[in-house]
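Per TrEMBL, these features apply:
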DOMAIN    1-129  domain 'Laminin G'
DISULFID  Cys102-Cys129  disulfide bond
DOMAIN    130-166  domain 'EGF-like'
DISULFID  Cys156-Cys165  disulfide bond
DOMAIN    167-205  domain 'EGF-like'
DISULFID  Cys176-Cys193  disulfide bond
DISULFID  Cys195-Cys204  disulfide bond
DOMAIN    210-396  domain 'Laminin G'
Amino acid sequence: DFLCISLVNGFTQLRYNLGDRTVILQTLQKVHTNGNTWHLLNAGRVGNEGYLDLDGINVTQKASPGMNALDTHTDFFVGGVSSLNLVNPMAIENEPTGFTGCIREMVINNRELNLTVTDPKGGANIGDCDGTDCGYTVCKNNGTCQVGNSGFSCSCPKDWTGTNCEQSIHCSQNMCGSHGLCIPQPSSFSYTCACALGWTGKYCGNKIKFYIAKFVGNSYIKYTDPFYGKRDLQYSRLSLNFTTNQTEGLIAWMGKSEDEDNDFLAIGLTNGTLKVVINLGERISVPLMHRKYFTCSDGRWHFTTVVQNQTCVKVYLDEELILFEDIDPQRKYTALNYGGICYFGGFEIGRKVNIVTTGLFQKEFIGKIKDVVLFQDSKKIQLMKAEGYNIEDGNSGN
C-alpha cells in the first residue's frame, strides 16, 4: 500500500494503492514555478474515494468496490526519500527525484507536522526557506510579523496579546492560578477557569478528592493504562457505573483518537439509548444500539460491561445481556489496539466530541461515573490519578 503526492510535468498528482489497484488523480492546472508563489494543496482519501484540490480547484475520484484501508507501517517522507529504491514504481509517473522548493504548514489527519530542525525523525539537505526570524507560525492567531534588528516583533489582532499573539486579552489578567487553565469568553469579554484534576472552584483554588467523578459538560478524564503492554488485545473488557439525566453523551472511549485509523471501543448515549461502537482496524463496526428500554437517562445508576472476544461483542446493561453480535465473521481484524489510552466523558479541551468521533456521539457527558474496571483487573481504575479537567466530587448524595 502507498499514498504519494508528486509533481509531474508541472501538474500535481496524487497516487494511492490500498492493496488492489493504483488510483491516479491529477490537477487541472499547472503550478507556478517562478519560486515566489505559494500554492495550497489538499489531498487525501475517504475510504477508496480520492480527492485532490489545488488552490480551490478540486478533482475527485468516485469510489468503486474494493479495498478501503491504507495499511502502511513505514516512515512518512516529505520532499524526498532516504533511498530511491523505497519508492513503489507505481507511485510516480517518471523516475523518482527529490523535490526542490519550499513546503510549509503541513497537516496530516488534522495534526500539524512541525517542519523544524528538531521535530522530524531525520532528514538531509534541508535549508531555511524564509531566511528571516519570521517563519509562518511565529505570530499566532493571524498576527503580523515584522523583522527587526534584534529578531522579530508581532503586531496582534485586537483580541490577542503577548510576544507571539498567543494569549487572549480576556486572559491577560486571569486569576486561574497554577491549577487552572484560562478559557477566554469573547462574547462576554471575560474568561472561565478549567480546573485540573483534583481542583475545583471559580479560580481552581479548592483541593478535592473523589471516588465518583462528576462531569459537568466541558469535562474529561484521560487515563493511561500502565498494563497495556501485557494485555491480550483480542479479549478486551470495559465495565463501569454511570448515572445521567441527559439523552446524549460520550461515556467512555478506549483508543488514542488521534486519527481515523485508530482502533477504539466507545460507549455512550444517543436519544437516551445505550450505544456501543467498536473499530478493530477498518471502521467495520456498525453502531450497536440497545432499543429495548429507554432507561439510561433516568438519573439512576446503571452498570454496563462491554466484552470484545476477537470480533464477537457482548454488551451487558444492569447485568442483563442486551447485545451479542459478531461484527466481522471474516475475522480480518481481531485485536483492539487501543494504545493504552482511555477517555471518559469527553476529550481534551478544544476537541469537540462530535468532531473527534465523526458524529458517532454528539456531545460531552454530563453525569457521574464510578467503578471503572479494565479487562479482568482485580482493582478499579483510580480516576484521581489520571489527567483531566473540570471534574467535580460526585460522592455527595450517593
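Yeah, the Cβs are placed from backbone N, Cα and C, and that goes for glycine too.
Listed disulfide-bonded residues near Cys193 (disulfide bond): Cys204 (candidates Cys102, Cys129, Cys156, Cys165, Cys204; Cα-Cα distance within 10 Å). Residue density at Cys195 (disulfide bond): 26 other Cβ atoms are found within 10 A of its Cβ, drawing on all protein chains shown. For the disulfide-bonded residues Cys102, Cys193, counting C-beta atoms within 10 A of each C-beta gives the highest total at Cys193. Annotation for Cys129 (disulfide bond): spatial neighbours Cys102, Ile103, Arg104, criterion Cβ-Cβ under 8 Å with sequence separation of six or more. Around the Cβ of Cys176 (disulfide bond), the same chain contributes Cys182, Tyr191, Cys193, Ala194, Tyr203, Cys204, each under 8 angstroms and 6 or more positions distant in sequence. In this structure the alpha carbons, written CA, of Cys195 (disulfide bond) and Cys156 (disulfide bond) are 28 Å apart. Listed in sequence order, Cys139, Asn141, Gly143, Gly162, Cys165 are the same-chain residues at least 6 apart in sequence whose CB falls under 8 Å from the CB of Cys156 (disulfide bond). Looking at the domain 'EGF-like' (130-166) alone, the prediction's average pLDDT is 84.
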